[in-house]
Each structure stands twice: as structure tokens, then as C-alpha cells.
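Per TrEMBL, these features apply:
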- A:GLU106: active site (ACT_SITE)
- A:ASP9, A:ASP105: Mg(2+) binding site (BINDING)
- A:5-187: domain 'UmuC' (DOMAIN)
- A:PHE14: site 'Substrate discrimination' (SITE)
Amino acid sequence: MLRWIMHIDLDAFFASIEQRDHPEWQGRPLVVGAAPSQRGVVATCSYEARRYGVRSAMPISQASQRLPDDAVYVRPRMAHYAAVSKQIMAALETISPVVEQASVDEAYLDVSGLERLIGPPGTIGRQAKRLIKHTVGLTASVGIGPNRLIAKLASEYRKPDGLMAVHPNEVQAFLDPMPISALRGIGPRTAPTLRQMGLERMVDIRQADPALLEKRLGLRLARAIISQAYGRGSDQVQPHSVRQSISKATTFEQDIVDPVRLRETLLWAAQEVGRPARREGLQGTTITLKIRLGNFKTLTRQRKLPAPTADDTVFYRQAWALYQESALAGKPVRLLGLGLSGWQHNAPSQGDLFDERPGPPEHVQTPRRVRLFQALDGISNKFGQNAITLGLRRKR
DNA sequence: TCTGGGGTCCTAGGACCC
DNA sequence: TCTGGGGTCCTAGGACCC
Ligand SMILES: [Mg+2]
Ligand SMILES: [Mg+2]
């Protein structure tokens, strides 16, 4: 069944909220991110700031170099943006009950079947934009297409305040001239690999040798981008998804060596992780310590606990133990944080236990040595030891 | 004028199990 | 006559996305 998927992406979300809330900042270059004198980057900036070449993820020092003196710099107010986001999502649910929040400022909607109710895809998109403008006073860019990929690319196509609908028979022509950087999963690291292969645009991916792509990118990524180049993508919109992890980290204004401050920071992070975990009723089994050293080398050390927990004290103790075991004492630390993941282990389903795996084809003879192993595989003593764990197999 | 923070998913190697 | 071949779990690192 052919579906219509709509992707909605708010324009310069954080910066637009700040300008909406502070009319005196409208029309001026505005940066949401670190303070210009401090360590950090641009989270989002207004379109006025983009005219000076400022972009998300740009070091704040570089941004302030480019911008005139009347530019405004503000710290992110994440809780506020999340609240605005919630208002938007709730409003969108009046258009279609099938709304998937894809990030703080993005959503996918399945709008199939709304044509008789509202009109053609473009009309549905205009209605969504009008609704958002009316509810929170912000502009959004909207893309509509036969699947998520096309909807997403369409929403990016005419930013800001954009609207674009791509019909199934237009997909290939829409896609072919796009640069490879539009591919999901191709970023600044992988794009050069493709360019070295002479692949610049989507159409080139379609015509490339799949075997060579697999060799250079790995099986999964190669398959993913080939299917994207043909315009294929999921048309499923899933309203609820379970989060996989909770984490908290901070970059110090100056690198830290003092173990007391490191411990204080881990205690803080443990509390920041524990609070939402308990609020959401989540208990984790895996603690991850994250450290970025003064030279920007980034390490993680993780440990699986015997039982799931949401206890700050356990997080803190485990994280500190991981730090001490990491032999990093005395090295300047730029960033420190910890994460929690691995919610309650899933019990194996009946299918996992009883599904038979296919045996070898009849004409393939199992070697004598393999048959010996297979016979021994089933034999173990009361300690759970068997031929292999007892050392019949040599260690490599 | 350096390089945030919160996430997701993938890869790869070794241990372990059958 | 060099060392089965599946699978999962655990850990570390890394790319990517917003
Ligand atoms: Mg956006
Ligand atoms: Mg976005």
C-alpha cells in the first residue's frame, strides 16, 4: 500500500525560540551555545548569523570572530525548548494520530488517507505549518513523500519555511542530482571515501559497483546507501520508542587534574543520570565512564553490573573505580561523564529456545574431527565444564 | 583563534557456550 | 595433520545525527 509520510523540521529551532521570546533580538545575529569567551561550540544560530558563515558545531571563538559586535550570545535553555517541542508534538497529533518525534525539533507523520479529509499532500503540509505557526509562533520546513527518506530530504530542500511534496514518480529525478552528503549515514569522515571513488551525486551511487562499495564501507552502510540512492526507505512511523541510554558529561573550562574535582564531577553526573532513570522507572546494568583528555583523546570504560540499579551511589562508585583502574591519574582531563544503559535483561523467548537451526546439506560430509566435537559438546560435568572448557581445545 | 552534549547504531575481537 | 563452526555476550572505539 502506498503511503504518504510527512517530515517536519523546525527552522533554527533554539535560536528562533529565543528571538520569539526576546523581540529585541529579532533581526539580529543570535547564537545559542557557549559563551564567546569560553570553551564550546554553536548549538544553533539565527539566519542572520548564518549570513556571516556561522554554523552549528562551529567553535564559539570562531563564530565570535566572524560576527559583528551587535551579535547576541545566549546559553541553551534545553528544558524550555523541550517544553515548546512538546506543545508542537501535541498539536501535530490533531492532524494525524501517527506522530513520531525524531528529535527535539523533528517529527514524522503518517498522513496517508488524509487526502479525502484535507486535500492533496501540499495542502496537508500547509495545514501543518499553519498549525505550528499558530500554536508556538515558529516556522517549520515540511517535506512529504512516499517514505521517510524522501520526506526528510524534501523538508531539507526548501528551508527555511519550506514546503515540498515529492510524488512517487518524481523520486528518482528528485534524488539523482543530490550530493552524496545528503545520504543518511555519510558524514565528514566517509564522504571523502566516496569522492575518492569518483562518486559525487546520488546517481553515481546507483551506478557504482555494489561489491566495491561493500569493500570500502562495510556491508551494512553500503547496502543502506544503495537503497537510499534508489529512493527506497521505510514508510513506517512509530509513535513510541524506548530510549537505550541516559548519560551526563561536562567539559571543564580548564583541564582538570585534581582528583577531588573529578570525584565531585562524577558524583554530580551520577545524580543527573539517576534522577531521570528513576523518574522513568529505568534500572540499568551497564555503567560507562567517559573521559576526554587534554589532547582530545577520548576513552570509554564500561562495566556490566550483576544486577540492574538506579542508585546514584552505585553509579558514582563504579565510575570512580573505572577511573582508578584506567591508569589515567595525573593526566589532564578535558571532559568527564558517565552513562547508564542495558535495561533489564530480556528473557529468551520460546522461539529462541525451540527454533531448530538448519543442518548442513545432505551431500556435505561432516569431518570426523567435527563429529567428535559435536559429540563432546553435549557432555558436561556437574560444574558445567565440558570438553572445551576443560582444555581439549587449545587456546589461541 | 580550535573542537558541546545527548543520543543511536555499527564494527571487531576475545571469552564463552554448544 | 596444524587447530569446527555456529552462536551470544562483553568491551572499546568510532561515525553519525540533531
Ligand atoms: Mg531544525
Ligand atoms: Mg533537526
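Glycine is no exception: its Cβ is also placed from the backbone N, Cα and C atoms.
Positions of TrEMBL features highlighted on the structure.
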residue	record	DSSP class
A:ASP9	Mg(2+) binding site	strand
A:PHE14	site 'Substrate discrimination'	helix
A:ASP105	Mg(2+) binding site	coil
CB neighbours within 10 A of A:ASP105 (Mg(2+) binding site), counting all protein chains shown, number 22
Between A:ASP9 (Mg(2+) binding site) and the residue listed as 'active site': CA-CA distance (Å) | 5
Which Cβ among the recorded positions (A:ASP9, A:GLU106) has the fewest C-beta neighbours inside 10 Å?
-> A:GLU106
Local confidence of the domain 'UmuC' (A:5-187) - pLDDT mean | 97
Please report how many Å separate the Cα atom of A:PHE14 (site 'Substrate discrimination') from that of A:ASP105 (Mg(2+) binding site), as a whole number.
-> 9
Near the Cβ of A:PHE14 (site 'Substrate discrimination'), how many other Cβ atoms are there if near means within 10 Å?
-> 27
